[in-house]
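Take a look at the structure set out below.
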Amino acid sequence: MAKYHWQSQNVKQSGVDDMVLLSKITEDAIVDNLKKRYMDDYIFTYIGPVLISVNPFKQMPYFTDREIEMYQGAAQYENPPHIYALSDNMYRNMMIDAENQCVIISGESGAGKTVAAKYIMGYISKVSGGGSKVQHVKDIILQSNPLLEAFGNAKTVRNNNSSRFGKYFEIQFSRGGEPDGGKISNFLLEKSRVVSQNENERNFHIYYQMIEGANDQQKESLGIMTPDYYCYLNQSGTYKVDGTNDSKDFQETMEAMQVIGIPGDHQTQVLQIVGGILHLGNISFIEAGNYGKVESTDLLAFPAYLLGIDPSRLQDKLTSRKMESKWAGKSESINVTLNQEQATYTRDALAKALYARLFDYLVEAINKAIQKPHEEFSIGVLDIYGFEIFQRNGFEQFCINFVNEKLQQIFIELTLKAEQEEYVQEGIKWTPIEYFNNKIVCDLIENKLNPPGIMSVLDDVCATMHAKGEGADGTLLQKLQAAVGVHEHFNSWNSGFVVHHYAGKVSYDIVGFCERNRDVLFPDLIELMQSSEYTFIRGLFPENLNTDKKSRPTTASSKIKKQANDLVNTLMKCTPHYIRCIKPNETKRPKDWEESRGRHQVEYLGLRENIRVRRAGFAYRRLFNKFLNRYAILTAETWPCWRGPEQQGVLHLLRSVNMDTDQYQMGRSKVFVKNPESLFLLEEMRERKFDTFARIIQKSWRKYIARKKYEQMREEASDILYNSKERRKNSINRNFVGDYLGLEQRPELRQFLAKRERVDFADSVNKFDRRFKSIKRDLILTPKGIYLIGREKVKKGPEKGQIKEVLKRKLEFGSLSGISLSTRQDDFFILHESQYDSLLESNFKTEFLSLLLKRYEEAIKRKLSISFTDRLEFRVKKEGWGGGGSRVVVFQRGQGDVAELKAGGKTLSITVGDGLPKSSSKWNQTTATWQTIGGEPGKNFLPGSLNEEKIMKVYIFYTAYSSPHKQGRPPSTAPPKLGSQRAPRVPAHSQNNQGNLDFLNVPDQGMITPQPQPKGPRCRAIYQYIGQDTDEISFDVNDVFDLIKEDPSGWWTGRVQGKEGLFPGNYVEKI
Ligand SMILES: Nc1ncnc2c1ncn2[C@@H]1O[C@H](COP(=O)(O)OP(=O)(O)O)[C@@H](O)[C@H]1O
Ligand SMILES: [Mg+2]
């Protein structure tokens, strides 16, 4: 029998979700668990907060909007492991703790890092709101992917879309959580690919995209031929990639440039450079008396044309070079002619430089489009090229693997080493757990001295080598042998050296190391490009050749070393999250698990040690003050701030939730909580408090928070009845509230719903039986259906005699066949269902109906039929012997607004006076001015795409944890009219709770004003207010009057000229 996930519905259980829960912690058990889950299509698994992701090589069904909704605001343990859970956690942590977050995605080439990064960006873009400007930033963030992939990714034997550059993408947020900026840092593009590729690999995608996708006119102006025509593309014999549509991708690339705001003429030049490089590659050289000579000068014209340079100058610069020569203390410049090999090398150097600078330009263009003047919060996503081993591994692999080594080091530092050291530091009892620390490998590569690391030796050799550096690679190998020959992670072999990396042994071929490390672009070539007629191209070569000469040029390895260390520093400043990607096979096929590959990765990723440390240790630790901040809301003593020693405050909180004393330990500056479950307890309490809090504010202030949605709903609701039914006088502009039962505090009702099932509508209604006798039912509408809950006396058992809630009826949308109502102003309606119908009466029928219609249409994909007649029929339930059949309800014109009922046999007559005409209704636009206060929160920080509760949460985090400008008044221009759409008073249930919820108020913002009332307080009106109802008072600007009560709903009570009544509190200032 299949087991199902205990928290979520219909989720099959496969292995364990969190490997901390494995009963045996062995490599076998870990591999088995991952394999089992992978085969069951679960690609995600946790080790505590670390997410393991196995590449499925097929589209999984769980990346839809439904999951985005499900993971939003949910605690980790509530749903199956998912990258959305991790993303949500980052986003929420950033907002709550006001800390920058980062996620380090690691794994070998083709393990799924880039796909993971894209899911994270997509999620964040979906759950965060924002106006059109923010939307623009989001578009650019998302569009940057296809653009950079076109220019920076290529097919390798490991991955058809392998990133050949590293990227750290910081998404920056406003204090309200809207992504309003960003920054990309890119790392070492593998530019050698521009001029040569291994067998079965391709050059960067853009070349093939352009060849396939360019239109005729572009083809002509760029001189586009078939790919096999170009030397830079035809060496590997591979032009096509399975599952890739180059032509379509080209359109996407161009579209992305457009979105990012790259001007049209620059777009053209970008393509010209790409084409120019291809044509440059076709210039070949022959040896003519020891000199290199352009084989066919005809081929010079086209690249020269595309790059805007003079062909003969191009020829010159490819075959000769100016050299500084020092002779007897004097320095002079002489022109040296190059041989064939040197000329070829020079050509390739130019091609690589052009491409790399073009790539940097694109990154800069993206950065310019999304940069913001000052950074607030950010989430950084690190997606680099993964660890890779090829048949032949060169300098590029060496650098790539070095960066991966550094990332593994961060992981070890923070999750294994620092964690254990922290226990010791904080004085927590601890038995150390052994693990392999790859710092030794990092040192082997990047040490400056004692012994110098590989990169240092390499730089030394390069500093002394000659122009082309024949023999330098040999020298390098000798020097390496001398410097690190005895290192346990280093060996020499006949054509290079071997490094024993954390992820395996890699043999590097020494050929080309020095040359690629030196990476100098000869001044001749810079000069040549600076002579281009195109400003754009000249802009790519900004060097000042007269002054930039002196300093020793930076080498590629010192650059990557610096970048890697800068990156580590950046990452260390954020709260880190980890995704460890696993590649299950080399076939790129779904459901194919290669045991030895899986095991190898589990081993070198250190998953077993990770679980061990996690298990023995404490799942959660937090600085006292951060802990207090996060859970302050749980008790009155800690809200809004704890007075007294922090440690005591933390203890107070832990005790208030009755946490077992063996579940936590107090360190010197931090509290440590043992099991995630104990933490969940805290989290859940906190969520609940926020929910309550949110609900109260929500009810009072939704008029400006969810303006659009409600305006629309109101209109829709009116539309339903328009011209069909008379309306009650007070019903047309009524605010929709939804939950009139306060379900949050009614576990006895909530029990019938699923754990996180959202309530659209809940109200107490009258239900009529076959004899037209009425009985109270609680009616609840959720996206899953309609619930009717009643009460019964328990007949048996220990609870005998007690009154208990029972689910009387649950109506699935699928079984509903329609709704009927009268044309008069009554509140009756009949739900028609396949078995039998329900006659109900609700004060809020319009609201209920409009929500029901919406939900129905979402679920069933067609409209629910509604009929309006004054003779309604309903079929009653078959019960026992009798029953069945149908009843009739007849509506007649009478007197007054209250319906009179008269039952006779099988007919019920209902008499009621005339209501407003059927055509009344359309939402009156003039009173639809919604109020915004506090610096227009709706505009500035409320993420529009979140549901309201989420909005409120973000809003509360915002108000409670940051210090926005102190505002709590309507904007001074055009004071809003409330019309009759006053916020509903807080429902009874909440009101009962008000006393003990006062501590939830936010004093700073003055939105809810919890201050104790001084004797006889008074206030002065800052805006005119005209009472809209009999229980309201009116006043003029500057009127001073008595303030009797400040209510958290925002509706205060005051006395003006002897009349007591309600008014909106934000229209006055207290004096
Ligand atoms: N979550 C996923 N769902 C479906 N396919 C995936 C997923 N992750 C990776 N893949 C497949 O594997 C390929 C390689 O993934 P990629 O993220 O480019 O690897 P990496 O960046 O680690 O080198 C993708 O092009 C895609 O076909
Ligand atoms: Mg990648």
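Placement of Cβ uses the backbone N, Cα and C atoms for every residue, glycine included.
Ranges compared are 426-448, 449-471, 564-586, and TrEMBL records region 'Actin-binding' for 564-586. In the domain 'SH3' (1014-1071), helix, strand and coil residues by DSSP number 3 helix, 28 strand, 27 coil. Summed and averaged per residue, pLDDT over the region 'Actin-binding' (564-586) gives 91. Same-chain residues that are not part of Gly107, Glu108, Ser109, Gly110, Ala111, Gly112, Lys113, Thr114 yet have a Cβ within 8 Å of the Cβ center of the ATP site turn out to be Asn55, Asn159, Gly386, Cys581, Lys583. The Cβ of Gly110 (ATP binding site) has 23 neighbouring Cβ atoms from other residues within 10 Å, across all protein chains displayed.
Same-chain residues lying 6 or more positions outside the region 'Actin-binding' (564-586) and placing a CB less than 8 Å from one of its CB atoms are 34, 38, 49-55, 57, 83, 86, 89-90, 93, 97, 99-113, 116, 158, 168, 185, 187, 378, 380, 382, 386, 402-403, 406, 409-411, 414-415, 446, 592-594, 597-598, 601-602, 605, 607.
In this structure, the binding-site residues that sit close to ligand 2, with a C-beta under 6 angstroms from any of its atoms, are Thr114, chosen from Gly107, Glu108, Ser109, Ala111, Gly112, Thr114. Residues of the region 'Actin-binding' (564-586) grouped by DSSP class, helix first, strand second and coil last, total 9 helix, 8 strand, 6 coil. There are 25 other Cβ atoms within 10 Å of the Cβ belonging to Gly112 (ATP binding site). Under the three-state DSSP scheme, Thr114 (ATP binding site) falls in the helix class. Cβ neighbour count for Glu108 (ATP binding site): 26 (other Cβ atoms within 10 Å of its Cβ, all protein chains included).
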